[in-house]
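Take a look at the structure set out below.
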Amino acid sequence: MLRKLHALIIKELIAVWQDKRSRMALITPPIIQFFVFTFAATLDVHNVSLGILNRDEGQYSREFIYRLSGSPEFTQIIYFDSDQELKEAVDAEKVLAAIQIDANFSRKILSDETGEVLLIADGRKSNASQIAGGYISNIAQAYNAFLAKRKGMPLPLSELKPRNWYNANLNYTWFTITGLIGTLSMLTSLSVTALSISREKEMGTFEQLLVSPLDHRMILLGKAIPALMIGVVEGSVMLFAGFLFLDLPIRGSLLMFYPSMAIFVFAIVGIGLFISSLSQTQQQSALGVFLCVSPLVITSGFATPVENMTQGLQILATLNPLKYFLIIVRGICLKDISAATVFHNTWPMLLIALGTLGTASWFFKRKIG
């Protein structure tokens, strides 16, 4: 029986590589997504265009503007002479944020009063403008401390000193690449398994498979194991590509990473086999994969925290194996999480895997029966 299963696994691997659609699913998405997501998809804000309307023209306003222009985040400073010019620039999205310096800014500071600066942000780009506003606020706070020290005024009694654990420089690329390890493993294994049975139906070899000396469970296992191997290889390639080219740390144990990854891929394979059993053509299978991938990624915490979602979506996310695997992979890479934490996030994936594989097996048997 094992020899027959081995032969089916080899046949499936060869069929996957020879089939153009499956081969494209293996090669194209990882390459494209590695470069696009890693270098283009980021929530960091750089190269900000800042508008300035300075009604003061005094020493202190010039010093403040000098500090703003010296920030590496603001690569383009545009000066305006009127409110109308500033409004038109914001409307045309020529600037992400702008400041208006009050005409009495320097005089008030000389009189030990509070100089006023109005910050205008483009609310159409809420996240980016909020971050840009944070940059300006930090520069303003630093300038306030500088003025207080120069004037001999008492400094604030308390000071906040941020320290970032696990990712000291807040490198967003590390966050992205760890998410891609799980997402691409899921996409690849889901695509391979979803196309497997429908490919047999299109090629007319499905009936030959049914009359083979293997029962339906062994047939599904022969379809699942190649997808498991491909998914694990895909995740490993992304992991070590991040380690070699993007300085991604691996602080935890790979001995805990790979078993949890295998269970995760098996859970995804069950979904793929269910889609494949339900579909008659590879086009239908591809559509089924598309319909499944979007909610799985959105509710996984890949881009936004699960805790920020509504209560209903948080409950739905507990059935998502990608959610648990992303916690594991980010913990192993960035934090060196404990075996207890890995186990706490692995056993739900195991239950999901048993559920998806069991459902796929039941449905496949029902279809061929």
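Quick reminder: no glycine exception, Cβ is built from N, Cα and C everywhere.
Caution: TrEMBL annotation is automatic and unverified by curators.
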For the transmembrane segment entry in TrEMBL, name the matching range from 24-43, 84-103.
24-43
Spatial neighbours of the transmembrane segment (218-245) not adjacent in sequence (6+ beyond its ends, CB under 8 Å) are 1, 4-5, 8-9, 11-13, 16, 26, 30, 34, 174, 177-178, 180-182, 184-186, 188-189, 192-193, 196-197, 209-210, 212, 257-258, 261-262, 265-266, 268-270, 272-273, 276, 329, 333, 357, 360-361, 364
Any residues 6+ beyond the ends of the transmembrane segment (287-306) with a Cβ under 8 Å from its own?
179, 182-183, 186-187, 190-191, 194, 271-272, 275, 278-279, 313-314, 316-317, 320, 322-323, 326-327
Which residues of the same chain, at least 6 past either end of the transmembrane segment (257-275), have a Cβ under 8 Å from a Cβ in it?
182, 185-186, 189-194, 196-197, 220, 223-224, 227-228, 231-232, 235, 239, 285, 288-289, 292, 321-322, 324-325, 328-329, 332, 342, 345-346, 349-350, 352-353, 355-361, 363-364
